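**Student:** To start, I am sharing the structure in question, which I have written as structure tokens.
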Amino acid sequence: MRHRQLLLATACVWALSCALLLGASTPDGLLRISLNKNKLDREALTAAKLARQEDSLRLGAVGAGDQIPLVDYLNTQYFGVVGIGTPPQNFTVIFDTGSSNLWVPSSKCYFSIACYLHHRYKSGKSSTYKADGESCQITYGSGSISGFFSNDNVVVGDLVVKKQKFIETTRETSVSFILGKFDGILGLGYPEISVGKAPPIWQSMQEQKLLADNVFSFWLSRDPDASSGGELVFGGVDPKHYKGEHTYVPVTRKGYWQFNMGDLLIDGHSTGFCAKGCAAIADSGTSLLAGPTAIVAQVNHAIGAEGIISTECKEVVSQYGEMILNLLIAQTSPQKVCGQIGLCMFNGAHSVSEVIESVVGEENLGSDVMCTACQMAVVWIENQLRENKTKEMILKYANQLCERLPSPNGESTVSCHQISKMPNLAFTIANKTFTLTPEQYIVKLQQGGQTVCISGFMAFDIPPPRGPLWILGDVFMGAYHTVFDFGKDRIGFATSA
């Protein structure tokens, strides 16, 4: 689901990148992979959002065994180099915790332009190559890859992972793969979402006893002027990368690195929607933070982000706002409000939109726009009731949030001159707050020689039972050093140094 629209590199730049990015073990026993990064551009983010629209349907519909990897967001900034074969053939790859397969272009890829513009694996030049031949395909938001499995040694830093199963792509249909500054993707998710049951590289390292500790950790530099993009460490953590102690949370659903989180706070105030809990995924392959529209609209309102004016949302507030308010005051369950006023169906547990019902197999009865708008209005009004606001203030606030709904196909922009006046935002994880300052959650893009500032939050709605869901991408992982502990199935966060 991620698109990384990046500039093409020349052959000499590729050679230089390979020389600079190769990792190595150090006296402390850690395997370090240097990460490079590219500056984000508007096209990359727009492509990611287009892919996300399809992913919201897929994640809501598929079962635990056939989930579509989050790698569809090909908009990541960070990449490094691995070698495949003997002698090793170097490839620039995205290290992606939102997918689990390793794939690179094949020398047998004849009909895709992307293959000719990137390094291609030549099995005939490797003495450790073992044929597999099983065909496979991975579909992304606006394209796909297809090819076949092979087995060969993979060199990660100075570790040699033997007989690793990976994909040789023979067809790459997305423009993102043509423009991408990466050859392929190295997935670091769980084997449950691996196509063809290929073990992720960390599982092979674990089975071959190559690591001192069964963890890997990300330190991502958010300094645009820094020469290093960060570091991926296998086998442990580097104390120089973080401050204090890590807070660990258990993985609640294997596949992605998924865990439970609580409320999102704006200057210490609840946004309501996730107060009773939401799922979250730590994803190195997503640049921004993606979460429920009902919360993103509140964030945009608080930071003055400019989105589109939703006429449907305003209509709901205008016509039904007072009715919603009265039902909540009368102690009506928030999950039943929209069903009672006729904007949503009610399945006995909570109100559901018609399109969501169709995704999970029920008959499609029509548009869910008004239902979705009602559900968001309930969250906003209920949240304001807790603050003991007057009816006039509550309805005015809900109407203002309608104007801050993020654009469905574009980012929400903010004034670069107002960053210092914006509030702190905080995610609640393991009953602790993880604060993001405006300097951390506002992303600066370069466009036509000018700096454009956008909100680091994207709207991403996944229906129950899979959602509501947050994707904590590089904006969060840049602020918080992240440990992926596959030995104990847990994730740890500590302030980045």
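Glycine residues also receive a Cβ, built from the backbone N, Cα and C atoms like all the rest.
Quick paste of what TrEMBL says about this protein:
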DISULFID  Cys109-Cys115  disulfide bond
DISULFID  Cys416-Cys453  disulfide bond
DOMAIN    78-494  domain 'Peptidase A1'
DOMAIN    308-348  domain 'Saposin B-type'
DOMAIN    367-408  domain 'Saposin B-type'
SIGNAL    1-19  signal peptide
**Student:** What is the pLDDT of the domain 'Peptidase A1' (78-494) when averaged and given as a whole number?
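**Tutor:** Averaged over the domain 'Peptidase A1' (78-494), the predicted model reaches a pLDDT of 88.
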**Student:** Counting other Cβ atoms within 10 Å of each residue's Cβ, which of the disulfide-bonded residues Cys109, Cys115, Cys416, Cys453 comes out lowest?
**Tutor:** Cys416
**Student:** Tell me the Cα distance separating Cys453 (disulfide bond) from Cys109 (disulfide bond), rounded to the nearest angstrom.
**Tutor:** 40
**Student:** What's the CA to CA span in angstrom from Cys115 (disulfide bond) over to Cys416 (disulfide bond)?
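**Tutor:** Pair distance, Cα basis, whole Å: 39 Å.
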